[in-house]
Structure formats: C-alpha cells, structure tokens
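**Student:** Please find one structure pasted underneath; my questions will follow.
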Amino acid sequence: MHVSELNLAVNISVGDGYLQDNGQKQLMFIFWGIIMPIIGIIGFIGNILNIIVLFRMEMKSTTIYFLRTLVVTDTGIIIGCIMGLSSVSITQLYPENPGMVHFTDVIYPHIYTPVNCIVMTLQFINVWVTVAVAIERYISICHPFTTVHICNKRNAFILIGSIIFIAVGYNIPRWFGTTVTACDNKTDCFSIVTTDLGKTEGYEQYYAVYAYMVIIYIIPLVLLSILNTLLIKELMRIRRRRSVPTPNENIETNMSIVLVLIVVVFILCQTPGLVAQFWFLGQDVLTKWLCVSNTLFALNASVNFLIYTAVGRKFRHVLLKTFKHVCSQRRSLNQNGSYSHNGGTEMTKLTNKQVYDSEDITDETCTLKCKR
C-alpha cells in the first residue's frame with residue numbers, strides 16, 4: 001500500500017520495511033499517543049457544543065447547513081484518528097503486554113479497513129464541503145445580486161448530497177484494497193494484507209497516489225487559496241467604502257470572517273499532508289513528517305469551536321442563550337423542590353411563570369436581533 005493513502009495506517013509497509021521497524025515508535029507515541037488524544041478530547045467537546053448551537057432553530061442560513069456538515073465530519077474524523085492512530089501507537093510502545101498484543105494481533109487488523117475507509121470518506125466530504133462553503137461566501141459577498149438565485153436551501157442540500165454521494169462512491173475501492181488473513185505461525189493472530197486489487201497499477205499508482213493527491217489536496221487547496229484571497233480583498237473594500245455598515249452587512253461580514261479563518265486553518269493543517277504524498281523525503285524523514293501531518297489533520301478537525309466563539313457573534317449569542325436556558329431550568333427545578341411542601345398548586349404556578357418568562361423573553365430578543 002502506498003504511503004499516499006496513509007491517513008490512519010500504521011501497520012503497513014513503506015518500501016520493503018514497516019513503519020514499526022524504523023525506530024520511530026517513541027515519536028509516534030508522543031504525537032499520536034499523547035498530543036493527538038489531548039487535541040481530540042478537547043476538539044470532541046468543542047464539536048459537541050458546535051452541534052448544540054449550529055442545530056438550533058435560530059441558526060438559519062445556507063452557510064449554516066455547510067457548517068453543520070463540517071462539524072459532523074470533524075467529529076467523525078477525531079474519533080477515527082484516536083481509534084486508528086492513538087490506540088495502535090500506544091500498543092507499539094508496549095508490545096509485550098498481553099492486552100496490547102491482543103489489540104495489535106486481533107482487534108486492529110479487523111478495524112483497520114473500515115475505520116480507514118470511513119475516515120477517508122469523511123475527509124473527502126470535509127474537504128469539499130469546505131470548498132463549497134467558501135464558494136457560497138464568495139458569491140454572497142462578491143456577487144450579492146445573484147445570491148438569492150444560487151445560495152438557497154435547496155441548492156445547499158443538493159450540493160451537500162452530491163458531495164456525500166461522490167465521496168462514498170470514490171472510496172468504495174478502498175474497502176477491497178486490503179483484507180485480513182490469519183498468521184501462519186501464531187494462533188489468535190491476524191495481519192493486514194494487500195489484495196490483488198490493491199496490488200494493481202491502477203489502484204497503487206493512479207487511484208491511491210495521483211487521484212488522491214489531486215482530488216483531496218491540490219485542487220481544493222488551490223481553489224481555497226484563490227477564493228480566500230478574493231474574499232479578503234472584497235471584505236477590505238467593503239470596509240473602506242462604508243464607515244457605518246448596515247446590520248445585514250455586519251452579519252454577512254462576520255460570517256465571512258469566520259469562514260476566512262476556517263479556511264486559513266484548513267490550509268495550514270492540510271498542506272503538510274500534501275507534502276507527505278511525495279517519496280523524496282526518505283523513509284525516516286517521512287515517518288517523522290507523518291507524525292506531525294496526521295496530528296495537524298486531527299487538529300484541523302478540533303479547532304473550529306475556538307474560531308466560532310472568538311469571532312462569530314451570533315454563535316456566541318446562541319451559545320450563551322442555550323446555557324442560560326439550561327441554567328434557568330435547573331434553577332427552576334431546584335426551586336420546585338424547595339417549595340414542594342406548599343402543595344401542588346403553588347408549585348405549578350411557580351414552574352409555569354419561570355419557564356414561560358425565560359423562554360419567551362430570550363426567544364423574542366433573538367428573533368428581533370435576527371430580523372434586523
């Protein structure tokens with residue numbers, strides 16, 4: 001299997017040797033066994049908060065539909081990285097431990113292909129949804145008069161659905177590129193082997209190397225760089241043109257700034273993965289580079305919450321509203337408990353008043369702000 005497919009693969013060959021045999025186990029453990037789980041846990045918590053906010057009824061725009069898809073794929077990528085990289089890097093550091101041996105010899109060979117294929121599919125969706133939302137923001141800011149006809153809910157759903165359909169179809173061959181076989185001289189032992197399909201030139205060279213490099217890295221990174229540059233120039237021009245922008249311009253500008261930062265982080269985190277597609281680095285350097293690039297791959301899936309909370313005004317508003325609503329419900333429940341000795345009638349009145357006031361006032365405030 002070629003190294004260009006190496007997003008989650010550890011127990012695979014590079015040339016005539018294996019990654020585990022090149023003396024880089026400790027480096028793998030530091031990056032994939034320590035740094036990546038820390039990033040992943042923080043990112044997973046942040047993405048759960050992203051899901052809570054982005055799927056609220058207040059968050060309605062075509063851009064939000066793309067961001068919802070991104071946060072779902074980001075969460076899946078984090079889980080896949082921890083399952084496929086963090087777990088096996090820990091087992092490689094302690095190969096004599098019976099539990100580690102069972103994971104390496106039995107569990108990992110069976111989960112490698114499905115986990116790798118799922119994460120590669122999620123990566124495809126994540127990359128091209130990022131491109132799609134960049135195009136949507138470019139049209140909204142640079143060509144506002146065509147926004148109504150192009151940037152609408154129907155077209156957003158069609159585009160997202162098309163990306164998912166193509167991603168699944170494109171990654172079907174990966175399910176048949178590797179398989180699991182029993183070890184010759186050991187019981188309860190399995191190994192990952194390349195199938196006849198995986199050994200063909202069409203799979204090894206054109207599908208696993210060239211197509212992957214062009215579709216996942218080169219075209220998206222070039223498009224995102226161009227769109228981001230044009231978007232930044234237009235935002236600067238709008239700022240110079242109007243000293244006091246309209247409320248709608250403020251909303252669009254803020255959303256565009258959020259996207260610009262997401263794209264910048266995406267480019268910074270994904271570019272090292274493009275470099276890892278080339279063999280000129282050499283095996284030792286390549287392994288070290290993969291430790292860094294795959295960690296950045298997980299980082300990219302974990303940092304969007306920080307961007308949303310730092311820059312996105314509406315996101316912060318809805319997040320605070322959600323927490324206030326949860327706190328008011330808990331406070332109401334506590335007060336209900338303390339007043340329960342007064343009888344059912346008074347408790348019911350107290351509950352109705354508090355829940356009604358908190359929910360109604362907050363929703364009305366948000367509605368007014370969203371309409372302005």
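Glycine is no exception: its Cβ is also placed from the backbone N, Cα and C atoms.
In TrEMBL, annotation is done automatically, which means it is predicted and not curated.
As annotated in TrEMBL:
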DOMAIN    46-308  domain 'G-protein coupled receptors family 1 profile'
TRANSMEM  29-53  transmembrane segment
TRANSMEM  65-91  transmembrane segment
TRANSMEM  111-135  transmembrane segment
TRANSMEM  156-172  transmembrane segment
TRANSMEM  209-232  transmembrane segment
TRANSMEM  257-280  transmembrane segment
TRANSMEM  286-311  transmembrane segment
**Student:** Which sequence positions outside the transmembrane segment (257-280), separated from its termini by at least 6 residues, show Cβ-Cβ distances below 8 Å to it?
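**Tutor:** Cβ under 8 Å, 6 or more out: 3-4, 6-7, 63, 70, 127, 130, 133-134, 137, 209, 212-213, 217-218, 220-221, 224-225, 227-228, 231-232, 235, 286, 289-290, 292-294, 296-297, 299-300, 303-304, 307-308, 311-312, 315.
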**Student:** So which of 29-53, 65-91, 111-135 has the most C-beta pairs under 8 Å when paired with the transmembrane segment (286-311)?
**Tutor:** 29-53
**Student:** Any chance you could find the range in 29-53, 65-91, 111-135, 156-172 with the most Cβ pairs under 8 Å to the transmembrane segment (209-232)?
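**Tutor:** By the under-8 Å Cβ criterion, the transmembrane segment (209-232) pairs most with 111-135.
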**Student:** Count the CB pairs under 8 A between the transmembrane segment (111-135) and each of 29-53, 65-91, 156-172, then give me the winner.
**Tutor:** 65-91
**Student:** In terms of Cβ proximity under 8 Å, which residues at least six beyond the ends of the transmembrane segment (29-53) contact it?
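**Tutor:** Same-chain residues near the transmembrane segment (29-53) but 6 or more away: 59, 68, 71-72, 74-75, 78-79, 81-82, 85-86, 89-90, 92-93, 291-292, 294-295, 298-299, 301-306, 308, 315, 318-319, 322.
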